[in-house]
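Notes to accompany the following structure.
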Amino acid sequence: MPDNPTPGNHGANSYDVAVLGGGSFGTAMAKVLGENGHVVHFWMRDEAQAEEIRRTRINRRYMPAVTLQGDIQPTTDLAEAVRKAEIVLVAIPSKAFRSVIREHSSEFRDGQIVVSLTKGIEEHGFKLMSEILLEELPRCRSGVLSGPNLAGEIVNRELTATVIAAKDPDVRRTVQELLGCEYFRVYANVDIYGVELAGALKNIYAIVAGLASALNMGENAKAMLITRGLAEMSRFAVSLGANPMTFMGLAGVGDLIATCTSSKSRNFRVGYAIGKGQKLEEAVQELGQVAEGIYTLKLVREKSEAIGIYMPLVRGLYEILYESASINAVINSLMMAVQNSDVEFILPRTITQ
Ligand SMILES: NC(=O)C1=CN([C@@H]2O[C@H](COP(=O)(O)OP(=O)(O)OC[C@H]3O[C@@H](n4cnc5c(N)ncnc54)[C@H](O)[C@@H]3O)[C@@H](O)[C@H]2O)C=CC1
Ligand SMILES: O=C(CO)COP(=O)(O)O
């Protein structure tokens, strides 16, 4: 950070922070920031929601049992939130991420820190949120935050760790200082693309794990799915330039474990509902919150086929969700596929497709 950040310097460790997005994760991060003594300009679209939070300190729609502490200022004026902020955290679903940032791009200042919390991919052009930030806010300093961070646990101050990925060491340090506290730890990485892809891709495997759970699969099967999911997502990400070692970290295997083993994950819950026989549309409607994996699945399937990366779990899940394939037929075909390398960074896969 500059010696005298503008506007507003609240002493050694207190910043003005804008949190964009009034859903579960925006609320969770606003809560951590408020408790850490920062001033939070908490932006959401809906004035009734903002007014209710101002009055009750509760985001009833997304976190009904949680009271927000500290200087949290709900607002529907995004321009003002960004103008007042030294650092901006963006927790807007991937479908709306670019349009919200673009509409207000002139409000962001040169050098301002902007961090994406979003775990998704843009539909057109397969862009990640960090790429959107670079395109829309080229003069800001950007980063991405990703890791095993179930919002419902963070708001209960349950012990959690995450990863800030940024090229600029000052961005990494600032975010560690902003968010770190007795229940929340922030580790650093420079592999922005790997951290971000890991967060987006794991949503697909959380759906697979939910499905497996609905089918009462055993622990061996669950472990196989998680581990082969890891092999598949790292194969894909590395082919796009990510560092394979990132997948050994919190944003990779860490987030995969959290979401593939817990019904607190919305993606897991969508998979579970489908495994119990619900239609995708019904499952999503019932959820009432974003499950990025259902969109990411389509984009990754298309991209992996275009660049020739073998992703049998992606292909199988796509057939179940979007082509009405029988779950048993897909499982059978996965189990009967050619038996290949375990860790292909040690023993390369035998190419069979
Ligand atoms: N909830 C969690 O545990 C975590 C979520 N994330 C990521 O954070 C992102 C946001 O997810 P959640 O907050 O959980 O979703 P959510 O479904 O709880 O809330 C979504 C929020 O986005 C807002 N929104 C939707 N379209 C908008 C638009 N066009 N303009 C402005 N706001 C809009 C909604 O009004 C709502 O406030 C997702 O990419 C998710 O993967 C990341 C880590 C953990
Ligand atoms: O990314 C998450 C936890 O790390 C949240 O996962 P869901 O979006 O599936 O709830």
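Cβ atoms are placed via backbone N, Cα and C, with glycine included.
Residues or ranges marked as active site, proton acceptor in TrEMBL: LYS202. Counting only residues at least six positions away in the same chain, the Cβ atoms of LYS119, GLY229, MET233, GLY252, ASP255, LEU256, THR259, CYS260 sit under 8 Å from the Cβ of LYS202 (active site, proton acceptor). The secondary structure of LYS202 (active site, proton acceptor), as reduced to three states from DSSP, is helical.
Feature annotation from TrEMBL assigns NAD(+) binding site to GLY21, GLY22, GLY23, SER24, PHE25, GLY26, ALA151, ARG266. Within 10 Å of the C-beta of GLY21 (NAD(+) binding site) we count 24 further C-beta atoms, all protein chains included.
Under the heading NADPH binding site, TrEMBL lists SER24, PHE25, ARG45, TYR62, LYS119, ALA151, ARG266, VAL290, GLU292.
The Cβ neighbour count for GLY147 (sn-glycerol 3-phosphate binding site), using a 10 Å radius and every protein chain shown, is 25. Annotation note: GLY147 (sn-glycerol 3-phosphate binding site) sits in a coil segment as assigned by DSSP. For LYS119, GLY147, LYS202, ASP255, SER265, ARG266, ASN267, the entry in TrEMBL reads sn-glycerol 3-phosphate binding site.
Shown in sequence order, ASN203, ILE204, ALA206, ILE207, GLY210, THR259, ALA291, GLU292, GLY293, ILE294 are the residues of the chain, 6+ apart in sequence, with a C-beta less than 8 angstroms from the C-beta of ASN267 (sn-glycerol 3-phosphate binding site). In the three-state DSSP scheme, ASN267 (sn-glycerol 3-phosphate binding site) is classed as helix. The substrate binding site annotation in TrEMBL covers LYS119, ARG266, ASN267.
Residues annotated as domain 'Glycerol-3-phosphate dehydrogenase NAD-dependent N-terminal' in TrEMBL: 17-170. When averaged over the domain 'Glycerol-3-phosphate dehydrogenase NAD-dependent N-terminal' (17-170), pLDDT in the model lands at 98.
Per TrEMBL, the feature domain 'Glycerol-3-phosphate dehydrogenase NAD-dependent C-terminal' maps to 191-331.
Cα-Cα distance from ARG45 (NADPH binding site) to PHE25 (NAD(+) binding site): 15 Å (rounded to the nearest whole number).
Within the set of binding-site residues ARG45, ASP255, ASN267, ASP255, ASN267 have a CB atom less than 6 Å from some atom of ligand 2. Among the recorded positions GLY23, GLY147, LYS202, ASP255, ARG266, ASN267, the residues whose Cβ sits under 6 Å from any atom of ligand 1 are GLY23. Sequence-distant contacts of SER24 (NAD(+) binding site), defined as residues of its own chain at least six apart whose C-beta falls under 8 angstroms from its C-beta, comprise TYR62, MET63, ALA151, GLY152, GLN289. Max Cα-Cα distance over the annotated NAD(+) binders (GLY21, GLY22, GLY23, SER24, PHE25, GLY26, ALA151, ARG266) is 17 Å. The distance from the Cα of GLY23 (NAD(+) binding site) to the Cα of SER265 (sn-glycerol 3-phosphate binding site) comes to 14 Å. One residue stands out among the binding-site residues ARG45, ARG266 for having the most other Cβ atoms within 10 Å of its Cβ: ARG266.
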